[in-house]
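Peer 1: Take a look at the following structure, please.
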Amino acid sequence: MDKLTNQYIIESLSEKFGEAVQIIGEPHGLLTLSTSAEQIIEVLTYLKNSESLRFNYLTDITGVHYPNQEKEFAVVYHLHNLFRNLRVRIKVFLDGTDLTISTVTNLWKGANWMERETYDFYGIIFDGHPDLRRILNMDDLEVFPMRKEHPLEDPNRVDKKDFYFGR
Amino acid sequence: MSNPITKITHNKPVFEDNDPQDELITLNIGPTHPATHGVFQNVVQIDGERIVSGVSTIGYIHRAFEKIAERRPFYQITPLTDRLNYCSSPINNMGWHMTVEKLLGIEIPKRVQYMRVIVMELARIADHIICNGILGVDTGAFSGFLYVMQEREFIYEIYEEICGARLTTNIGRIGGFERDFNEITFKKIEEFLERYPPVLREFEELFVRNRIFIERTAGVAAVTPEEALEYSWSGPILRATGVDYDVRVVSPYCSYEEFDFEVPVGTNGDVYDRFMVRNAEMWQSLSIIRQALDKIKKEPAGVFHADVPEFYLPPKEQVYNNMEALIYHFKIVMGEWETPQSEVYHSVEGANGELGFYLIHDGGRTPYRLHFRRPSFINYQMFAPMSAGMLISDAIINMSSLNVIAGELDA
Amino acid sequence: MSKVTLAEAPPGVEGAGFFATTLDKAIGLARANSLWPLPFATSCCGIEFMATMGSTYDLARFGAERPSFSPRQADMLLVMGTIAKKMAPVLKQVYIQMAEPRWVIAVGACASSGGIFDTYSVLQGIDEIIPVDVYVPGCPPRPEAILDGVLKLQDIVKNESLNRRNTPEYKALLEKYGIETNNG
């Protein structure tokens, strides 16, 4: 079997999707692509089911917050082709005003908790998710704590007085 | 799911309508239930002793690792990784060091790589000891657990020789180790290779052909490879279903490609196969450690870190007495180092699956974003759906065979 | 000759065929050497507790032979590991369910003070929600340190006045934590 290469993936995707899939780069050999929230399901379905690509294993889904960018949030998918051992990373940038993206739980059941975690941390809504609730944090938490504007420490702490720390 | 409910027929008393035996009971297990070995909550609906459906609630020890990691310089993240899967901390430590080294493009000397392999394989054995030992406890065999715990203590002694700590080891630095393995370490590793095989053989003799154990575990919670991949399983529980996915082989790190070892796989994906896969992995780990010891002897002695003073924290005595070391120390600690803006995903074969580190770096002192791909978190999500149709007691041993570590689950 | 070592007798008056001491001391001696631990293990320290219970260190040597997983039958609550805010109500519930007399050991940095996890989701020490008798430092503490903590607690138990649980100070302490004390 020929080796599956990044070049082949790029050609295959640009043939199918044209401009809708952009290449970000290949940091440390891991092909990184970006696409739009509208296209993501089609791109992932194609990557998973296409005979020549077969990215059958969903390694991870996570979110990133870039407060200084125009499109503030990113959802990052890591896929793995276990047959021919190649990984690919797909990023979807989302506007801060419309944090909605389709769920991929129909493609991989394992995406369920990964998407819940991303929702819990960043508030990204996965449209069509069967059970989109907070997963790690308390249900009554009002903020999405991994966003950059939120402090790490508990703002309600009373015992941490500045003079103990020489401030 | 794949575990078919065998129909049990019994004579019910005849009720006209609303038969009380048709009612389902809601039962809350956890988050501090002794049978769950950690803080897992499952609310299940049961029909007699059989689970009809269940919902898992997690997050009871959520500690915001990823948020902390955005505020800590690289070398201070190592202690955080300790506390992910605390049964095999060194694997997490090494995984994190390798992630950063991949980002910075540091070439690690062969001897250091072999030392890392030894530490990681010891950790894998320590983790599998706990998992298989606890599985024995849950099926009613306490003694096996006590036998192998002695050996785990011995592994902890080796850790102590290497780094001074038992559990949360914080072994190594970015670029290598903080000190060389001393004579006693090598002697103890040799001793471990001598004394562990008979204990392990005794342990497996207690279980492998034990009728009670087989009847409690064989066919319980069987998972097909398709389901397992659908749920992104990894590690021993995926291999028990017959998929030979092992990060050490698929994307070798730390010179694993030079080692001669097998990837044990199961056939049924049930609890028994998971036990057997872990057991076989311990034998493979012993063989890998032996090979690594032999390889180390051929390498130049005394090398324990890469020659990268701009990234490797210098020893404290040099910081106090050597101008150059002081400057490098200052630069590393204050984050005034030249680092590339890049993204890197690196994964290692943790004791219970693919442990991945997704690091986005913007050149600053701390990671811009660090995401842990935690195998426990991803493996555990199938627990509630697969429990449907199981007996409660089977669900309990299923949970112990998944080897879900609460610290890693909740991060 | 048996290898069993007997606990040291409290000070008292000894004569032919009798030994007299205060009830406090006799009961304290009995309690201290038969503490029933309730391991409330959440994370790393729980693994070290496993080692403490295991064959090498063996907590049972100090009378804590029976780990009680039901709070109703336990009198020493060992809180081991990080207590997140999500977990805090559960811990408090477990404490309330325990019968008097009850003692609490906070094992490890996280249970004592939040440890390295100074974050929005972690309780900064369990003494924010329940009273604690002994703190064991370490991240995680070595099994020897956990044993030492238990021995320190035994000292407290031995010397505790039988009346302590009915004193206004004790009631005020519990009420400070919002725990009801109308148990007779």
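Cβ coordinates come from backbone N, Cα and C, glycine included.
Those TrEMBL annotations? Automatic predictions, nothing curated.
Dumping what TrEMBL says about this protein:
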BINDING   C:CYS44, C:CYS45, C:CYS110, C:CYS139  [4Fe-4S] cluster binding site
DOMAIN    C:44-153  domain 'NADH:ubiquinone oxidoreductase-like 20kDa subunit'
Peer 1: For a three-state summary based on DSSP, what are the helix, strand and coil counts in the domain 'NADH:ubiquinone oxidoreductase-like 20kDa subunit' (C:44-153)?
Peer 2: 47 helix, 15 strand, 48 coil
Peer 1: Using all protein chains in view, find how many other C-beta atoms are within 10 Å of the C-beta of C:CYS45 ([4Fe-4S] cluster binding site).
Peer 2: 32
Peer 1: Which number gives the other C-beta atoms within 10 angstroms of the C-beta of C:CYS139 ([4Fe-4S] cluster binding site), all protein chains shown included?
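Peer 2: For C:CYS139 ([4Fe-4S] cluster binding site), the count of other Cβ atoms within 10 Å is 18.
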Peer 1: Non-local Cβ contacts of C:CYS44 ([4Fe-4S] cluster binding site) (under 8 Å, 6 or more apart, same chain)?
Peer 2: C:GLY81, C:GLY108, C:CYS139, C:PRO140
